[in-house]
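The structure appears below as structure tokens.
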Amino acid sequence: MRDEASVLDLDPKSTVAGGVRDVYGEDTATEDQFVTPWTLSVAAGYSLLRDPHHNKGLAFNDKERDAHYLRGLLPCSGFSGAPGEETDAHYSPVSTSIAKVHGHDGSSVYTPTVGEACQKYGRIFGRPQGLYISFKEKGRILEVLRNWPEKNIQVIVVTDGERILGLGDLGCQGMGIPVGKLSLYTALGGVRPSACLPVTIDVGTNNEKLLNDEFYIGLRQRRATGQEYSELLHEFMSAVKQNYGERVLIQFEDFANHNAFDLLAKYGTTHLVFNDDIQGTASVVLAGLVAALNLVGGTLADHRFLFLGAGEAGTGIAELIALEMSKQTNMPVEETRKKIWLVDSKGLIVSSRKESLQHFKKPWAHEHEPIKTLLDAVNDIKPTVLIGTSGVGRTFTKEVVEAMASFNERPIILALSNPTSQSECTAEEAYTWSEGRAIFASGSPFAPVEYEGKVYVPGKQCIHFPRIWSGFDNVCTIRVHDDMLLAASEALAAQVTQENFDKGLIYPPFANIRNISAQIAANVATKAYELGLATRLPQPKDLVKYAESCMYSPAYRSYR
Ligand SMILES: NC(=O)C1=CN([C@@H]2O[C@H](COP(=O)(O)OP(=O)(O)OC[C@H]3O[C@@H](n4cnc5c(N)ncnc54)[C@H](OP(=O)(O)O)[C@@H]3O)[C@@H](O)[C@H]2O)C=CC1
Ligand SMILES: CC(=O)C(=O)O
Ligand SMILES: [Mg+2]
């Protein structure tokens with residue numbers, strides 16, 4: 001039997017059969033497709049308290065406790081505020097990193113806590129928080145997607161667990177990353193939790209320790225590669241489009257670079273895809289650099305950039321800096337790239353290495369003598385900006401930071417590798433070794449540092465990703481364009497105030513986070529309209545207000 005909806009050219013999500021939205025796909029399913037027998041029920045009593053969507057914990061008031069058979073199941077102390085109030089109060093004195101991952105501390109939802117959570121995921125696995133798709137599901141991925149209880153999905157964060165932060169291959173336990181990043185999207189970007197879908201594609205792991213770990217929760221096989229891998233990914237990408245349509249954002253996260261660049265290129269023309277490690281990072285880091293110019297002076301083109309790490313994050317950031325420089329100076333991007341140098345595990349990327357380089361490194365192979373170490377590269381190139389994206393901790397040594405401080409009045413030092421253990425240096429090291437002159441930001445957070453009587457507040461760069469996304473969603477864009485990433489950078493940089501600069505900050509702090517997110521979303525949306533990539537028409541008059549109105553607010557609702 002042919003799919004009736006496609007024959008009639010109907011949007012499968014539009015009303016069918018009696019004017020009811022066919023959200024479960026039953027009316028449009030063919031005879032050989034599976035249909036899930038969904039039922040609706042009203043939770044009460046003990047089961048209501050076990051339902052994370054509806055449980056308000058100690059915030060249930062007396063009337064609700066009576067109406068929903070909750071008497072005696074909760075202590076009588078009540079809380080009236082927002083979600084989290086009671087859990088913070090209840091758990092913080094005893095909280096550990098892992099307790100935070102269970103949702104008791106929003107500010108620690110992502111790095112570094114999420115790294116530890118992934119390493120221990122098998123041991124702390126409680127209830128499923130996303131979809132696991134492995135070879136066992138090959139040929140049935142559409143059916144698996146339909147098992148997810150929420151139907152109106154706006155953003156999927158998907159990983160295959162091969163490069164989890166700087167911790168390497170954590171296989172299926174990488175699920176902590178999509179869960180963590182989507183939690184940030186909700187908390188900071190205002191994305192409704194029910195519209196978020198975390199997915200882990202389990203193709204095995206090459207992590208021997210996990211393969212031999214009795215608590216490992218994934219497939220116990222070495223990673224599938226080549227055609228087998230591409231076919232599973234392709235089935236997933238096709239099923240997502242079939243189930244959720246064109247407009248769902250698929251964010252690739254923490255794939256190893258030998259797959260990440262190819263997936264982005266392959267699906268960039270057919271799906272709304274975004275790689276946060278390549279594109280989101282670039283946009284956020286560029287914003288920090290543009291803001292830092294207020295402290296150091298000059299334009300981007302007046303600076304020299306050196307990266308330790310030439311993978312997804314390093315080359316992604318480098319490319320966006322070169323693009324922005326090119327727009328500002330009207331120089332071709334091939335020229336502006338020459339202001340940017342990268343070091344990988346074999347040393348400085350130079351033209352004599354070109355033949356053996358991975359494709360994403362080739363544009364950075366400039367004419368230069370080979371250099372083996374970072375310290376030698378720093379002393380030779382004399383960068384004004386040093387960026388760590390190597391995934392290797394403690395690589396910005398005292399000598400490296402001192403060298404940066406010897407030829408820069410205010411060296412810009414970004415230690416972006418996550419989690420904290422992999423950070424290229426700590427905030428304290430950056431400030432003390434540069435005698436308080438470094439402008440420092442990191443991927444994983446560091447506490448403020450006191451040096452010679454002055455308090456320095458390091459920038460937390462990682463919290464700024466989610467804001468970009470809402471710009472895509474608000475206007476229903478169907479493709480991500482580099483100019484939209486530049487628009488996000490511009491708006492984020494513009495949110496750093498003089499007061500922030502006075503403290504040495506190059507990113508805005510948490511206060512007013514929703515408003516800042518709305519400004520970024522609006523700038524991204526404006527660019528999407530300019531590029532003709534926004535499908536929400538007519539264009540809302542005030543895009544900031546519109547972005548704010550689209551944001552989900554985590555408030556407990558009253559139950560009848
Ligand atoms: N703060 C943020 O926003 C983000 C941070 N990151 C962090 O950046 C790190 C890297 O991620 P990603 O770029 O995706 O990883 P990749 O694996 O794509 O790249 C890592 C790069 O670092 C190089 N490298 C590894 N070891 C060394 C070493 N000892 N000396 C010099 N270079 C080295 C690798 O060299 P080679 O190619 O020769 O192997 C490679 O070029 C991770 O820790 C991740 O958490 C990532 C995205 C966002
Ligand atoms: C922040 C991030 O995406 C990473 O470290 O991979
Ligand atoms: Mg990542």
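Numbers here mean position along the shown chain, with the first residue as 1.
Glycine too: its Cβ is placed from the backbone N, Cα and C atoms.
The divalent metal cation site recorded in TrEMBL comprises GLU253, ASP254 together with one of ASP213, ASP277, namely ASP277. Ligand 1 lies under 6 Å from the Cβ of none of the recorded positions TYR110, LYS181, GLU253, ASP254.
Within 10 Å of its Cβ, the residue among the binding-site residues GLU253, ASP254, ASP277 with the fewest other Cβ atoms is ASP277. The recorded positions near ARG163 ((S)-malate binding site), taking a 10 angstroms Cα-Cα threshold over the set TYR110, LYS181, GLU253, ASP254, are GLU253, ASP254. When pLDDT values are averaged over the domain 'Malic enzyme N-terminal' (83-268), the model yields 86. Residues from the recorded positions list (LYS181, ASP277, ASN418) with a C-beta closer than 6 Å to any atom of ligand 2: ASP277, ASN418. Filtering ARG163, LYS181, ASP254, ASP277, ASN418 by Cβ distance to ligand 3 (under 6 A) retains the following recorded positions: ASP254, ASP277.
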